[in-house]
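Trainee: Grabbed the feature section from TrEMBL, which reads as follows:
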DOMAIN    6-105  domain 'Alpha glucuronidase N-terminal'
DOMAIN    110-435  domain 'Glycosyl hydrolase family 67 catalytic'
ACT_SITE  Glu268  active site, proton donor
ACT_SITE  Asp347  active site, proton acceptor
ACT_SITE  Glu375  active site, proton acceptor
DOMAIN    436-657  domain 'Glycosyl hydrolase family 67 C-terminal'
Amino acid sequence: MSYENAWLTYRMRQDSRDKKYFSKVYAEDESIVAVTAVKELERAGREILGVRMEQAGCAAEAGICLRLVSDPAIGEEGYQLREEEGCITISSEGARGLLYGSFALIRRLQMELPLEGLCMLETPSNPLRMLNHWDNMDGSIERGYSGNSFFFKDEKVIVDERTRAYARMAASVGINASVINNVNVRGNATKLITEEYGKELREMSEIFAEYGIRLFLSLNFAAPMELGGLDSADPLDGQVAAWWKDTMEDIFRRIPNLGGFLVKADSEGRPGPFTYGRTHADGANVLADAAAPYGGIIIWRCFVYNCQQDWRDRKTDRARAGYDNFMPLDGKFRDNVILQIKNGPMDFQVREPVSSLLGGLTDTNQILEVQIAQEYTGQQRHVCYLIPMFKEILGFHTYCCGGQDTVADIVSGRTWGQKSCGMAAVANTGNDDNWTGHDLAAANLYGFGRLSFQTDAGARELAEEWAACTFGNDRVVTETVTKILMMSWPAYEKYTAPLGIGWMVNPNHHYGPNVDGYEYDRWGTYHRADHLGLGIDRSRQGTGYAQQYRKENADLYEDIKTCPEELLLFFHYIPYTYRLKSGKTLIQHIYDTHFEGAGDVESMDILWSSLEGKIPERVYKRVKERLEHQKEHSKEWRDQINTYFFRKSMIPDEKGRQIY
Ligand SMILES: CO[C@H]1[C@H](O)[C@@H](O)[C@H](O)O[C@@H]1C(=O)O
C-alpha cells in the first residue's frame, strides 16, 4: 500500500522561529480526540521544526496548552488560538475543537505564518460536515475517478493504516461525518447493517472516533424484505417497523460511534415508500423512530424524479421533481430526519440554479449536497476547482425570510434555528497514491472541508492555503497554482454546455461531448435545440419551474430580460440571433466562449509548465499529463459544440475561425 499525505505533506523548515512553542505540550483533556490532537502537534513539531516535543507537567511549563473551557462563544467544535508570552493556548469546550485548533495551528506552521501575538476564534458554520462515498463492496466506486475504494475490497470491509490516514486528512479540514458506502445499496452492501460486518465496521468507527468523525452507512429501504424475509417494506406495516427497531438496536449497540444512515429511496430504481403508496415522510420516519433511542439520524435524499420520461413530453420537468415531491411534506419529518438536497434541481452540472427546495422548506432540517467527484466537471482528468461554485451557491439569497436567507444561512441552521443540518460532498477519493487522481482535485477535497467549516472563507484564500500546504511555501508556486485553480471552473463552463443548459455528455459514463447524447432519452435532460434556437422554457408558459422560487427569484427567472445570463438557457428557449447584454448574439457567444475556454486551458498548461523543477517531479508529471489531455479534450468539446450549433443555425462565426 502506498499513499501520500496530500496537504499534510510536511516539509522541514529552515528557520527556528517557532521551535520554542513546540518544546512542551500540556493537555487538560485526556479523551481520545485530545490525545490525537497532541499526537498531531508532536508529529508536526518533529516533521516541520525538527523538535521532539515533551509532555509538560502543568500548563505553566508548556509552549502549547490545550484547554477545555466553558465558553458558549467557542462551543464544542470551535476553538480559540492565543499566543501570550511564548505560550500558545488552544481552547475549546470540547475535544474536537481542540483537534481542529491543533490542525489550524499546524496549518499556520506549514504556511510559515507568524504565531507571535496570534489571537483567533473560529467556530464551525455547519453542525454536520460530511463526506459521502459512493464506494461499492467489490471495491469499485460509482463515479470514482481516483482508483478503487480504500474502504471495501472483494466484498469485505478494509481496516488498515490507510483508514487512519483518511480519518486524519478529513479531520484536518473539519469533516466530522463520513458515509462510507454508495447510496445505491445493492448485494452485500445491504448486509452492512447486520452482524456479518459488525466487527470490521466497529474497528473502522473506532479509528474514525479518534479523529472526531462519526461513521454513517447508506441503507437499503427494502432491507426488511432482503434481510428480514418479510414480504413488504411498507413503512406503515407494524412488522416492518418492528424489524427496523430490532435492527437499529443491534447495530447501534455494535457500533457506538455510528451516526446514522443515508437513504436514497424511490430514485433511479432504488426501492422506497412509493411502492406502498406511502410518502417519503412515512418512509423516513419509520427509520427515524427506530434510530432515535440511540441518537441516530436519518439523512433522506431528495434526488427523486421520474427517470422514465418521454422526450416528446414538454410538460414533465425533472427540475420540478424535488420540490413537487418534498414541499408538501415540509414539517412532517421527525426531528432526527434531515433532507439532503443536491445544490441544483438537476444533477451536479457545471452550472445550475440553486434548488428551489432550499429556501422553499421552512420546517425541515436540511443538508446541502454538492459533488466534488467531478462526474460532470471533467472527472478529475480536467482541472475544475469547484469552490467558487460552492461559494455562489452558499451566498444565494432565497428570500425565504426577512433576514438570514442565504443557502449558507439555511443549512447552517441560522435561519430556522435548526441543530441538525449542514453540508455533504460526494467524495472524490480513491486508493490512488495521491487520493484524488488529479493532484489538483485535492483542492476540492480540502476546500470542501474548510468551506463547510467556515462558509465565509474565500475560494481564492482556500486555494492559496491548499497550495501552500501541499507544495510548500513558495510564493511563485502558490500564486501560479492558485491562478490555474481560479480560472478552471470558468474555463470548463466556457468550453462545455452553454448558459446553464447542461448535459451534452456521453450517456452512462458522462465523459466527453455528445450534444444529443441525452436528447432523445428518458432521463429528462434536454436542450431542445432546433435551427432557430435552444433552451428550455421553464417560465409559466413552459414547465413552470421558475415559479417554484420565492417571488423575488421567480420574477427574476421568469423574464428573459432579468434572468441571469449564465442561466438563460436553463430557464428559456432563446433564438440564436438574440442579443445578450454584451451585445453579442447567442450564437456568437457560443462560438466565442468555446474558443476562449479551450484557450484558457492552453494558458493553464503554460502556467503549470512554468513550475517544472519547483515541485516534486512525480507530481509535476502527473498533472502535466492530465493537462495535455485536457488541452486536447477541451478542443474536442469546443469543436463538437461549435460545429453542432453552426450546422443547426447555419450562422457563420463573425470572426471566421474554423468550424467544421
Ligand atoms: C449514486 O448514483 C448517482 C449516479 O451515479 C449519478 O449519475 C447521478 O449523478 O446521481 C446519482 C445519485 O446521486 O444518486
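Residue 1 is the first one shown; counting continues down the chain.
Using N, Cα and C of the backbone, Cβ positions are placed for all residues, glycine too.
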Trainee: Which Cβ among the active-site residues (Asp347, Glu375) has the fewest C-beta neighbours inside 10 Å?
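Mentor: Minimum Cβ neighbour count within 10 Å, taken over the active-site residues Asp347, Glu375, occurs at Asp347.
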Trainee: As a test of the contact definition, list every same-chain residue at least 6 positions from Glu268 (active site, proton donor) whose Cβ is closer than 8 Å to its Cβ.
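Mentor: Listed in sequence order: Asn184, Phe303, Cys307.
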Trainee: What is the interatomic distance between the Cα atoms of Asp347 (active site, proton acceptor) and Glu375 (active site, proton acceptor), given in whole Å?
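Mentor: It is 10 Å, counting Cα to Cα.
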Trainee: Sort the residues of the domain 'Alpha glucuronidase N-terminal' (6-105) into helix, strand and coil with DSSP and give the three counts.
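Mentor: Per-class counts: 35 helix, 23 strand, 42 coil.
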Trainee: So what's the average pLDDT for the domain 'Glycosyl hydrolase family 67 catalytic' (110-435)?
Mentor: 98
